[in-house]
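Only one structure is covered here, and it is reproduced in the block below.
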C-alpha cells in the first residue's frame with residue numbers, strides 16, 4: 001500500500017501507534033475522572049439528566065484514523081458545538097460578504113447568552129454567541145420548515161459521516177423553556193437583524209442544538225474541518241477551504257466565549273464548546289478532537305473538556321503557533337543528467353558525452369504542498385540552477401497541491417524568463433486532479449513563450465531523454481541515426497579484418513517494422529541482436545496489465561546478449577519503436593566458429609564485459625545520485 | 001550547494017523568483033501610492049514631520065532572503081511595534097507565570113491608549129496596549145537606567161541583526177509630551193500594577209518606542225519571530241520557540257488594537273502596528289513582513305500598512321488557518337532489502353537468498369519535522385510493516401527536528417513493543433543537533449529493551465548490511481566465512497579438471513593483514529583478485545579528504561577484473577577490513593595460457609559477464625526501487 005493509505009482504520013488499538021495514543025488518552029481519562037468541579041447544565045430537565053461522571057475523548061486524523069477512550073458511543077445533544085458548522089453552511093451558501101451583513105466577527109467579552117448586540121453595524125457580534133447563531137439559523141435554505149430541518153440534518157450528517165437524528169425530548173424542552181433565546185430573537189427582529197418570524201427561526205435553532213451526536217462524531221466533524229472541509233471517512237467535500245478558514249478563525253477568537261483570550265494563549269487551537277459538555281478542537285492538516293463531559297465551569301465550558309484539550313494540545317504540541325510548514329521539504333531531491341540517465345540506453349561514446357556535458361541538464365523533484373513559502377524556495381533554487389544549466393526539469397510527480405499563490409508565482413517567474421535562460425520543462429503536471437490549476441496556467445505560458453522555453457511533458461523520464469537527445473544532437477562528432485557497419489560496432493571491436501570476414505558469414509541482417517516484436521519474453525535465447533538503425537524498447541508487463549519500459553535502445557547497442565552466457569529464456573520483450581535494422585548473431589554458430597577461431601569469441605566477450613562493467617559503474621553512480 | 005543554503009541573499013532581484021516577488025511588490029506599491037486616506041500622527045511634532053507619502057514593503061524569509069520595494073532604507077521610530085519584542089523579552093527572562101502576574105492576555109475592545117485596566121486580575125489587559133507595554137517595560141533588567149537602556153537596545157539589535165540606535169529628538173519629544181502615558185503609569189502605580197518610579201519606567205518605554213529602524217529591519221525582526229526566534233541573518237537565538245508562540249498569540253488577538261477581530265478574519269496573520277506607520281506581520285515557518293507608511297486610520301493603524309498586509313496575505317495565501325502541515329511528507333520513501341542492497345557485495349548465492357527473503361527487511365526514510373501528526377503517520381506505517389517484516393530500519397538522516405510530542409510518541413511506541421515484533425533499528429539519530437532529544441530517549445529505551453529489539457546504528461547502510469547478514473546467517477545452506485578452493489569460485493565455474501590444474505599453475509595465493517592495501521588507485525591493472533577468506537572494502541577519496549566506501553567484498557567475490565579487459569589503471573583502492581586470503585591471477589599469464597587453452601579464458605569471461613550482468617540487473621531494480 002502507498003504512504004497515503006489508511007493502514008488500519010477499523011482497529012486503531014491493534015497497532016503500536018494506536019495502542020500508544022489510546023493508552024495515553026486512557027491515562028488522561030483516568031486523571032480527569034477525579035476532577036468533579038463544575039455542574040451539569042440544568043436550565044432544562046433533559047440536560048440535567050446527563051451522567052455527570054460521563055467522559056469520552058476521541059481524536060480523528062485527517063486520513064480517517066479514529067482513536068478514542070471512555071464513553072465514546074454515549075449520545076448527547078450537540079448544543080452550541082453546532083454553531084461553527086452552521087456558520088460554515090452560511091459561508092458556503094451565501095459567501096462572506098452577505099454573511100457579514102448578518103453577523104460580525106468581533107470577539108465579545110460577554111457571556112454566550114448575552115443580549116448585547118453590535119449597534120454600530122446592526123448585527124450580532126459573532127456567530128459563536130447565541131444571538132449570532134440565531135441570525136445564522138435564519139439563513140438555512142428550504143421553502144418549508146420541514147425542508148429546512150432536512151437540510152440542516154443533512155449538513156450535520158455530512159460532517160459526521162453518518163446519519164444523525166434530533167433528540168426530540170431535548171428539542172421540545174428547549175422549545176418550551178428557551179425564553180432568553182426568544183428574547184434575543186425578538187430584540188433582533190426589533191432592530192431588523194433577523195427578518196423572518198422569530199418562532200420559525202428559533203425552531204430551527206433549537207433543533208440544530210438538539211442534534212444527537214457521540215464523542216466520536218464530534219472528533220470526525222472536527223477532523224472534517226482539519227481536513228479542509230472534506231470528511232476523512234467518506235471523502236465528502238462539505239465545505240470549501242476558504243469557508244473552513246473563516247470558521248476556524250472565529251472558533252479561535254470566539255469559540256470558548258469569554259475564556260477565548262486565555263484559551264488562545266494556553267491551548268491555542270480553534271475550538272467550540274457546548275452546554276451539554278461537548279468540546280471540539282481542530283488542528284488544521286492534522287486532526288480533530290472531540291471531548292464530552294457534562295460538568296460546566298462558570299463560562300459554560302466543560303470543565304474536563306477544557307482540561308482534556310489543554311493536556312492534548314500540550315502533550316502533542318498542537319498550539320496553532322507551533323505549526324510550522326516545512327518549506328525545505330519542497331525539494332525532494334536534485335540530480336543532473338551526467339549522473340542519472342533516462343531509460344534510453346546509449347552507446348559508449350554517447351555515454352561519455354553525457355557524462356561530460358550532462359551537468360547542463362538538472363532535474364528537481366518537487367514534493368508536497370505548493371504555497372508561497374515552498375514555491376519561493378523552489379524558484380530560488382531553480383534560479384540558482386538556471387545559471388549553471390541549459391535545461392531544467394521540474395518534476396511535479398509528488399506535488400500534492402498548488403494554491404493560488406503558488407500558481408501566481410510560477411506564472412510570474414516563467415513569464416519573466418528571457419530567451420537566454422535555461423529552458424524549463426515541467427513534468428507530471430496533469431490537466432486533472434489537484435494540480436489542474438497549475439497545469440492550466442503553465443500551458444498558457446508555454447503557448448505564449450513557445451515550448452523551446454517552457455514545455456510540459458507528461459513524464460520525467462521522457463523529459464530527461466529529450467534533454468539528453470538535445471545535448472547529443474549538439475555534438476557534431478556523433479553520427480546520428482546512421483547505419484553501422486559490423487566492424488564499427490562496439491561489440492565487435494578488436495577483431496582482425498580476417499575475423500570480421502568470418503563473422504560476416506554467420507551474421508544475419510534483419511528488418512523490423514514499427515511495433516514489431518524483436519525478442520519475446522519466455523522464448524528460448526538463441527541469438528543476440530545489434531541494432532544498426534532505428535530504436536527499440538525493452539519492456540516487461542506490469543502487475544496492473546500495463547507495460548513497464550525498462551530501457552530504450554538505439555543504433556550501436558546490443559540486446560539479448562545473455563543468450564551468449566546461459567541460453568535460457570528471454571526475460572523481457574523487445575519491440576521496435578520505429579523501423580529497425582539489426583544484426584542477428586546465432587549463438588550456436590558463434591560457438592562453432594570459436595572452435596577454429598577462439599579469438600572472435602574472446603573479443604566479443606571482452607567487449608561485452610567492458611560494456612556491462614561500464615553500465616554497472618553508471619548504475620552505481622546513479623544509485624548514489626538518487627540517495 | 002545544499003537545498004537549505006542561501007542561494008543569493010545579497011541580490012534577490014537578480015533571480016527570477018526575486019524579480020517576480022519584487023515586481024509583484026512593486027505593483028502593489030504603485031497601487032497603494034494612490035491611497036492617501038488617513039493622517040500622519042501629530043501628537044508630537046517629530047512624528048508629524050514624517051513623509052506622508054513614504055511607503056516601503058519588505059519580506060524576509062526564514063532563511064534570510066529579503067525582498068523589498070519603496071523607501072526601504074528610510075529610518076523611522078519603531079513605536080508600538082516594539083511591544084511584542086519587549087513582551088518576548090519578559091517571557092524569556094521571567095517565564096510565563098511571572099509575566100502573567102504583570103500583564104494579561106485578553107483582547108480588549110478599547111483603543112491602544114485606553115486607561116481602562118483589568119481590575120479583577122489587577123493588571124493591564126494585554127501587552128499590546130500602552131498600559132500593558134508600560135508594565136512590561138518595568139521588567140527590563142539592569143541596575144541602572146543606562147544599563148536597562150543598553151539591554152533594551154541590545155534586544156532590538158539582536159532582532160534586527162544590526163546595531164540599532166535611539167532617535168533622540170523623538171524620545172525627548174515623547175518624554176516631554178507623553179501625558180496620557182504618564183497618567184496610565186500613575187494609575188498603575190496607584191493600584192500596584194507597577195512598583196518602580198513611573199518616570200523611570202516611562203523613560204525606558206519612551207526610549208523603546210524611539211528605537212530607529214527601517215522597513216527592512218522590521219521585516220527581519222518579524223522573520224526572526226517566523227523563524228522560531230532565531231535571527232535568519234545572524235543565526236542568533238533571540239527567543240525560544242515557546243516564547244515566540246505566546247508572542248504570536250497576542251499579536252494575533254491584540255496586535256491591531258480594536259481592529260483585531262476583523263484583522264484575524266480578513267488578514268489572518270499575527271501582526272503589530274505602530275503610530276509612526278510601521279506594521280509587522282509574521283507567517284510562522286515562512287516569512288516576516290514589514291511595511292511602513294505614516295498615514296494612520298481611526299484605529300491608529302497605518303492605512304497602507306493594513307492594505308499591504310491584506311494584499312500580501314491574500315495573494316500569497318498566508319492566512320494562519322491556510323497553513324497546513326504536510327503530514328504525508330514524513331515518509332520520504334520506503335524500500336525492502338530484496339530490491340535495495342547495502343554496499344556489501346554478495347556472492348550469487350547470497351544475492352539469490354537476499355532476493356528471495358530480503359522483503360523481510362524494510363527501510364523507511366523519514367524526513368522533515370517530527371511532530372504529533374507526522375509521527376502518528378510514521379508509526380502507523382511502521383506498525384503496518386512490522387507485521388510483514390523481521391527488521392524495520394527507520395532512517396532519520398533527513399529528519400530536521402523532533403518536538404516533545406514526537407519524542408513521547410516514539411518512546412511509548414517502542415516501549416510498548418513486544419519481543420515478537422519486528423526488531424527496530426534507528427539510523428542517523430545523532431547525540432548532537434536537533435535530534436539530540438530523540439536520540440537520548442531512544443538510547444534509554446534501547447538500553448532497557450536490549451539492542452536485539454531496538455538498536456541505534458549510525459548509518460542506514462550499516463543497518464541494512466547488518467540486517468542482510470542476519471538473514472544470511474539464518475540460511476544453513478550458505479558456508480559462512482569459509483575458505484574457497486579455486487574450482488569452487490564462481491569465476492572459474494565450467495572449467496574442466498584439466499583446465500583447473502593449468503590455471504592453478506598461474507594463480508598465486510596471497511595474504512593481507514587487516515588495513516593492508518590490496519589494490520591501489522592509479523596503479524597499473526595487471527591482475528585480478530578473488531577473495532577466498534576475509535572481507536575488503538572498495539573506497540575512493542572524497543572531495544573533503546575523507547574516504548567514500550563504494551562496496552564491500554567477501555569470500556567468493558572478485559575484484560580488479562577490469563585488468564582482464566583494458567589493463568588501464570586501478571580506479572579505486574581496495575583495503576583489507578580483516579585478514580584476507582585472495583587468489584591473484586596475472587592477466588599476462590592468463591593470456592599466454594589462452595593461446596593454447598582458449599577455453600579457460602572464454603569460460604572466465606563468460607562467468608565475468610554473467611556476474612556483471614546479474615549485478616547490473618540488481619542495480620536497475622534498485623534504481624527503480626529508489627525512485
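Placement of Cβ uses the backbone N, Cα and C atoms for every residue, glycine included.
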Residue from B:94, B:205, B:335, B:371 that TrEMBL also lists as binding substrate with B:80, B:130, B:174, B:181, B:257, B:275: B:205
Other C-beta atoms that fall within 10 angstroms of the C-beta of residue B:275 (substrate binding site): 22
Other C-beta atoms that fall within 10 angstroms of the C-beta of residue B:130 (substrate binding site): 23
Per-residue Cβ crowding (10 Å cut-off), top of binding-site residues B:205, B:257: B:205
Residue B:174 (substrate binding site): tally of other CB atoms within 10 A of its CB: 23
Residue B:181 (substrate binding site), number of other Cβ atoms within 10 Å: 23
Proximal but sequence-remote residues of the same chain as residue B:80 (substrate binding site) (Cβ under 8 Å, at least 6 apart): B:112, B:128, B:130, B:133, B:209, B:272, B:273, B:274, B:275
Mapped DSSP class for residue B:275 (substrate binding site), helix or strand or coil: coil
